[in-house]
């Protein structure tokens, strides 16, 4: 009898073959991606020979954001739905920059701060589009496994390769320095809260503040530098023990050094992938911060007064010349350009990449706006001045504030798990470039880690200003990855294709000049 096959069966078989082909292709892409992150002798991100690597296992890191593993909510073939893709981009971008947004708004002025958040979000989103499309503008070459530094190397040769490494290291080391400053801050306040609670000590900081159960303080009014742990004890207790504790538990003189005992050994691990399991803490921390801000604002109320160009004792003008300090912070707050290709290549519907990226940026901008505006608007002025808003807005709440204590605990643990991952990424990028091996020897790794930790300790000791560190590192790495490289690559590719127009050339030159002005302004203001 003639063999008969139903057309529906043929379609089903073809679908199965296509799915298997897509799965194998996705698997090969991950293997290639892993092999470029580590040396052949380092098996940290290389699957064993007897195990087929899951097509959806991939780690994405963003400076000042979270370490995110793409390993859930896939369709079984290594692809994510649009909702998952949007959430991953939001989760990766949301980082410690959110703590400095209210301070940035204060520096720029309330009205201009809101406008700048919107404009910087649109500008960085457009540059992100250029990054995503940069691979597709290269003809006759398979760029499916390329990341943005590969594209820079293609267009600019060894200069693009080494300069992208330099700016990538600036972003990573800058993030690690900010983490060390914040971890010192959170550890200090957490230890102070626990000590006072255990010993039943009632203390008040020698800083101006409001009265009542929802106390807000102004540390910057007490001194010209970030506050130390100077306190007055009201209830009876062991005075000598309390003074000894204050001597050995100091925010800048002792606590930054205590962290070395915990974090330096973790940095020397060959593979810190265990810590990536805690990436969900980043999401929990951001959600809790939004909850904290909402509750505090409900109790404090709204305190706004519009002074367009003049200052008074309690409010700042709507427009201030210090606005570049906010743009520097926002450059890093919206920075995802070094890993956006990796995130979007796992999107199930590639035709939705632009839409999903736009929605993710909108949600990130909305989160920044909500936290920044609510903290600024609800800050009690009078009796305190808006100038009292700290570079880390949690510093405006005393160490004995329960909700702030919980927030600091969340953030401290999250940062202590992300810090080794950032150190591992810095080690892989730097040592593999120079020695061809991510772990050439214990000595090489130890020297690098001691240098990174030393930078963090020095900053926590002498310049514990996270807003300043974020804006300097953000404007520096953003100059390359956000403003210059995406614009130059677009102009060069359009010129080679004979499609470059004068309006497009002028617009992209203007974007480059904006990035350059943003960097220069950080050192002038």
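Cβ atoms are placed via backbone N, Cα and C, with glycine included.
Ranges compared are 25-45, 46-66, 109-129, and TrEMBL records transmembrane segment for 109-129. Segment annotation: TrEMBL labels transmembrane segment over residues 162-182 (candidates 162-182, 183-203). Within the same chain, the transmembrane segment (405-426) stays apart from the transmembrane segment (504-524): fewer than three Cβ pairs sit under 8 Å, each pair at least 6 residues apart. By the Cβ criterion (distance under 8 Å, sequence gap of 6 or more), the transmembrane segment (504-524) is counted as touching the transmembrane segment (322-344), at least 3 such pairs being found. When the stretches 83-103, 162-182, 278-302, 322-344, 469-492 are ranked by Cβ pairs under 8 Å to the transmembrane segment (356-377), first place goes to 83-103. Stretch with the most C-beta contacts under 8 angstroms to the transmembrane segment (278-302), considering only 83-103, 162-182, 322-344, 469-492: 83-103.
Counting Cβ pairs closer than 8 Å and at least 6 residues apart in sequence, the transmembrane segment (109-129) and the transmembrane segment (438-463) reach fewer than three and form no contact.
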